[in-house]
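Have a look at the structure below, then the notes.
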Protein chains: 2
Amino acid sequence: MNKIKIALLGLGNVGKGVWEIFKNNTDEIIRRSASELEISKILVKDVNKDRGIDVPKEILTENIDDILNDDSIQIIVELMGGVDPASDYVVRAIKNKKHVVTANKQMIATQGKELLDLAKKEGVLLYYEGSVAGGIPILKGIEESLTANKIEEIVGIINGTTNYILTKMSLENMDFETALKEAQEKGYAEADPTSDIESYDAVYKLAILTSLSFGINVNVNDIYREGISKITSHDIQNAKEFGYTIKLLAIAKEKNDSLELRVHPTMIPLTHPLSNVNDSFNAILIKGNAVGDLMFYGRGAGSLPTGSAVAGDIISIVRNDMTLRSIALADNPDLQKRVLSREEFTSRYYLRLKVKDVSGVLGQISNILGKNDVSISSFIQKGQKDENNLVSIVFITHDTLEGNIMKSIEELKTLDVVDKIKNLIRVEKFI
Amino acid sequence: MNKIKIALLGLGNVGKGVWEIFKNNTDEIIRRSASELEISKILVKDVNKDRGIDVPKEILTENIDDILNDDSIQIIVELMGGVDPASDYVVRAIKNKKHVVTANKQMIATQGKELLDLAKKEGVLLYYEGSVAGGIPILKGIEESLTANKIEEIVGIINGTTNYILTKMSLENMDFETALKEAQEKGYAEADPTSDIESYDAVYKLAILTSLSFGINVNVNDIYREGISKITSHDIQNAKEFGYTIKLLAIAKEKNDSLELRVHPTMIPLTHPLSNVNDSFNAILIKGNAVGDLMFYGRGAGSLPTGSAVAGDIISIVRNDMTLRSIALADNPDLQKRVLSREEFTSRYYLRLKVKDVSGVLGQISNILGKNDVSISSFIQKGQKDENNLVSIVFITHDTLEGNIMKSIEELKTLDVVDKIKNLIRVEKFI
């Protein structure tokens, strides 16, 4: 039988998952790949560290050259994360005619196009299913199955950490800080949670999804980004009263050859399937002009689920006789789509304000909204006035341009009766 | 650019969808396949029939030989349904070295293995994504992405007609006959609805899913089958009171190298994601030992969704340079798994009986259940006694062997106090 040697770069959470899968599912892997696959070398920082896993010490190395210069190794699996030195190692691997599998979202989102071009030039493959939504086979789904569709829209819950926190806040009435602390204790959030909480992680993933779905190369800086730290229990409670729940959504919509790209906390109807995606689960809704609405749901992170995607990519490379093309990001250089600026977004909006409890307040606010073409769909006044004679009021608008909302907010701030704009949250209605 | 000619066999619902997709999504198809694809001939029964679609009359033919003997045609797309004459045409196409795409579940479920073997021998491809769950890319998901997993379980809502009927019964309190009539009026159910209602359709699809996931060839007659016509409003109402909804599930579970294969109405918890899969939507839950729970959700039927799967298969064939292997059913001839008989199933059960309203009834029933190792989880007595002094009682059991339930029912029937066993429905708890 065909024998293929593989090297891992990194033996952290996902690396251990890949090792376990190769050990436990040997029969399946042989059956599916018609080959014997052997992890013959693993790059680690410290060969003497105890990792609580039965990897033979003799296959560990601290020297990348041991791997890159080993001609018997045909596939490199990059699982270090970050772009430095990962992307340097990947470039060198490709130039040494090795196929590459990676789960590195930051590297693919920021340098994927160049790496794929290089791989093509060198005649090797670069696969990266594990970089988006862990074990959910969303990239191959788009690139191998939905090929006859014009993709119109992608809406996803693609960050498990924030979804865990928002679930705890919604279902167990935790406040943000407590939920974050619990997520950290359970290993869902890192000591420095910025990348998840402030949505950088989701932005990388959305950039990859967008490039694959719409065929253009997306600069991650062109994606509008908001984190979840501003969401309070008040907002969660208000959302429930309006029939919504709050999720961190990554959204890409094509509108007349322009793209609306945004990641932010969003109110979605409790009746929508995405509203039941809880804890650290991920889900991605894709609308294609032929297939209609399609949803993929599963574990978006974790040792074995992400390992499943990585191992699946390895098997794809092996059984396609290593001759097939990579999954192409932005495969048409002629295709140009403009990324809309924030002012051009269209959405419904939830607006929470603290105002003085005097007569005429609503009239003044409605005037400003009306002047800016913002029309109100629902309104509630929340609770009693506080010690400063202030009350909370909450609006949900009809569809409107975000530019109009931004102008309204600037004008509302100048009103004497408005104490503070407490929050602005987009509302997705899913037509 | 590479030019590929394709012929359709059949221009019904799905055939029209494929035609529309090729017409409307030309840019996407060229971009994805790097080829110009042309539907150059279509087999129909009557070239003069008005189909309400702008297909040029000169490409229609009533003679299969016009297509099979046309050397310029490289891909045949079989969309006639049924096995006769479809499978004969497919065999002849393969022998004429043409690649084949089909959405024919009955043909693939009953003759797929032979057709795939023949295709392999002749060096052509046979793809059939559209045969299961319409536009949902479940077959490629299993065969191309979950390859490193040992699949443990598949649970799916894979028949849109019955899901539409059960949704109407649950959410709008319709009775079975009214819901079926409405499904027929809306075109979801056929004039003779037997194949859907009695679950033959779902059995074909489960056979295909099982062969792909577990690597063995399944005889459709080995799959336990129950339809939905015995489900009454009483059962729907009782399910709600216990916190369940009723769905027609197709289930395949591997247990110690044996397979439990069954299609039947099933109570599932209202908190489970499958419980929100309504109307004609389909969803398939797969449990892999690495990926964990994965769910695919989307349109399981219809002209464009199924057309999306068929067109995606055509593009796969074209851009893999027509050299890749087909999606393999039962790819390991050495692998043997025993299909469990009904008596060996394990499940929880809902049991509804009409009994005499006399003292000691419960004791007598509990005795029989206990003697047969069936233990009761919940129990309700429903409503007042009727004019014959009979009352309804409902049990839900703990996990038990179906053989024990069947013995219990035989013994319950002999009891004087038991008037009738009204219904037995399996309950899936999803551990």
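Cβ atoms are placed via backbone N, Cα and C, with glycine included.
Under the heading NADP(+) binding site, TrEMBL lists B:LEU9, B:GLY10, B:LEU11, B:GLY12, B:ASN13, B:VAL14, B:GLY15, B:LYS16. For B:LYS105, the entry in TrEMBL reads NADPH binding site. Per TrEMBL, the feature L-homoserine binding site maps to B:GLU190. The active site, proton donor annotation in TrEMBL covers B:LYS205. The domain 'ACT' annotation in TrEMBL covers B:350-426.
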> Which whole-number mean pLDDT does the model give the domain 'ACT' (B:350-426)?
Replying inline: 93
>> Within its own chain, what residues at least 6 apart in sequence put their Cβ under 8 Å from the Cβ of the residue listed as 'NADPH binding site', listed in sequence order?
In response: B:SER131, B:VAL132, B:ASP201, B:TYR204, B:LYS205, B:ILE208
>> Just to verify a number: CA distance, B:ASN13 (NADP(+) binding site) to the residue listed as 'L-homoserine binding site', in angstrom, no decimals.
In response: 13
> Among all the protein chains here, how many other CB atoms are within 10 A of the CB of B:GLY15 (NADP(+) binding site)?
Replying inline: 28
>> Give me the CA-CA distance between B:GLY15 (NADP(+) binding site) and B:GLU190 (L-homoserine binding site), in Å, as a whole number.
In response: 18
> Expressed to the nearest Å, what is the distance separating B:LEU11 (NADP(+) binding site) and B:GLU190 (L-homoserine binding site) at their Cα atoms?
Replying inline: 18
> With a radius of 8 angstroms around the mean position of the C-beta atoms of B:LEU9, B:GLY10, B:LEU11, B:GLY12, B:ASN13, B:VAL14, B:GLY15, B:LYS16, what other residues of the same chain does the NADP(+) site pick up?
Replying inline: B:LEU8, B:GLY17, B:VAL18, B:LEU79, B:MET80
>> If you count other CB atoms within 10 A of each CB, which of B:GLY10, B:GLY12 wins among these binding-site residues?
In response: B:GLY10
>> Just to be sure I understand, if DSSP states are collapsed into helix, strand and coil, how many residues of the domain 'ACT' (B:350-426) fall in each?
In response: 23 helix, 33 strand, 21 coil
> What three-state secondary structure does DSSP assign to B:LYS105 (NADPH binding site)?
Replying inline: helix
> Around B:GLU190 (L-homoserine binding site), how many other CB atoms lie within 10 A of its CB?
Replying inline: 13
> To which of the binding-site residues B:LEU9, B:LEU11, B:VAL14 does the lowest count of other Cβ atoms within 10 Å belong?
Replying inline: B:LEU11
> Which state, by DSSP, holds the residue listed as 'active site, proton donor': helix, strand or coil?
Replying inline: helix
> Per 10 Å Cβ neighbour count, which of the recorded positions B:ASN13, B:LYS16, B:LYS205 ranks highest?
Replying inline: B:LYS205
> Helix, strand or coil: which one is B:LYS16 (NADP(+) binding site) in, per DSSP?
Replying inline: helix
